[in-house]
C-alpha cells in the first residue's frame, strides 16, 4: 500500500497531545517538577518570546470530592498532574500544546487565528476511496512510533520519586490505548491490594468531556502523521442495527472462518497486537501496563450474555435519553437516576433512567455486544471499532447540548467522584484540559456531525446567539420579574391616585371651611406630586 509506505517517511514536526511529553520524561524535569519545553519556533520555554505562553504554577481545584475514593496520597493520578509536575506551559490566546506549539481545537494558521469547522461523517456515507484511506490511516498509526510522547512503565514511587525515570516509546495508536487504560486502571495500594472503585474517564460526569478530548486528540494525531489536515473520524450509527454491520472485511474486520473469537485473516486488523488487557496480572504485580503485545484483537459480536445486553440500542432509547433534562444527579456515579450522562453511558435503564448496573444500555451495550477486547474497559480501545462507536456517542452528547443548551454551571463544580469536578484536570493529558472546558458545543471546538449539521450562521447571528441563549436560560426569572414589576407598578399607581383624590378632596371640600370666604377665590390648585 503506497499510503502505508509513505507514512514512515513523514516527519512529525509538531507536538501532540497525550501522556508524558518526551522532553519532560527525564530526571531533571521530574526532580524539578517542571514540564515547560521550548517551542522550536523561538527556542524559548512555552514560546514565551513569541507571546505564545509561559511556564506557570499549576492551579489545582480545591472543590470537595465525592466519597467514592476514601484515600489520599496513594495514587499518582490524584490532583493530576501534581505528583509529576507542578509547573507546565500556560498558553495564551488560541495557542495550545505542551510547549504552546499548536493551535486550539477549531483554529489553524501560523498565528492560530483562522477558524475551522470540519465534518465527521457516517462511515457508510464514505466513498470506497475515503473508507480505504481511513483504514490505511488506522494501520499507519499502529505502525508509526510517536515522536513526542512516551508512556510511564512505573509509578512515581517506583521511579524513586523521579530520580529513576521509567518510560517507554510507543506507537501513535497504542498511545491512546494506553491513555484509556491509565485513566481507568485500579489504584495500587501495595502488596496485593488494589482499589477498584475509581475511574477518571468513566462512571461520573467527566465521561463525555473526557472522551470528547480523547477523540479530538486522536483525530489531530492522524492529521499530523498523514499530512491530511481535513481528516475527521467517521462514526457508526448503531441505532436499531440488527448486528455488527461494520464487522466485515470491507470495514473493520470480519469473523475468522475457523475461530469466531478472532478476526478474519483477510483484514489487516487481524495482525494487530493488543496491549493493556491483563489488569489482574498488573494488579498482582503492583505494576503498570508497559505496552507489550498481549495477543490478537478478540471480537465475537452478538454472542454475548443476552440477559445483560439482549440487543443493540434502539432509536427510541436514544430519544428517551435525549429527553432527560438533568446532565447529572444524585451521587453522580453509576448509581445516579434520571441522569443524562449515566443513561447514555449505560448504567441506567434507557427506558426509565433508573440506575440498573445488572444491565448494560446504550454506550455500554455496544461494548458488551462486541464480546471481546472492547468488552473490558481498560483495554477496550484496542479494537478500532472503539473510535467509530465513541464518535457516535459524542454525537448524542452533542444533540443533548444543542437541545437543552445548558450553561457551564450545569456541569458539577464539586462533590463528583475523584477527577470529575468541573475544574479538575483530565487524567492523563498533558497539556492540561479541565472537564468543564469541553462541556460546550462541538462547533466551538471546530467540528460538526453530518447528520446534525445546521445552516451556517452569519457574523451577527454568531454574536447574538450566546446572549439569546443566556436569556433563554433565565426566561422564567425574567417573566417573573416582569409580572412582579407590573404588580408593584399597579399598586403604586393605585396608591398615588388614591392619595391624589384624597388630597384633592381636602383642598376642595375641607380647606374652604378653615378660611374666610373672601380668601377662597385667591387659592390656586397645586399638585401634591
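Cβ coordinates are placed from backbone N, Cα and C, and glycine is handled just like the others.
The domain 'Tyrosinase copper-binding' annotation in TrEMBL covers 202-219, 383-394. Taken from TrEMBL, the feature region 'Disordered' applies to 293-314. Summarising the annotation, TrEMBL assigns signal peptide to 1-18. What TrEMBL lists as transmembrane segment is 474-500.
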Below 8 angstroms Cβ to Cβ, which residues of this chain, lying six or more residues outside the domain 'Tyrosinase copper-binding' (202-219), approach it?
16-18, 105, 176, 179-180, 183-184, 231-233, 327-328, 332-334, 341, 344-345, 347, 377, 387, 390-391, 393-394, 397, 411-412, 416-417, 419-421, 424, 426, 429, 433, 435-439, 442, 445, 447
Within the domain 'Tyrosinase copper-binding' (383-394), residues counted as helix, strand or coil by DSSP:
10 helix, 0 strand, 2 coil
Go ahead and report the DSSP secondary structure tallies for the region 'Disordered' (293-314): helix first, then strand, then coil.
0 helix, 1 strand, 21 coil
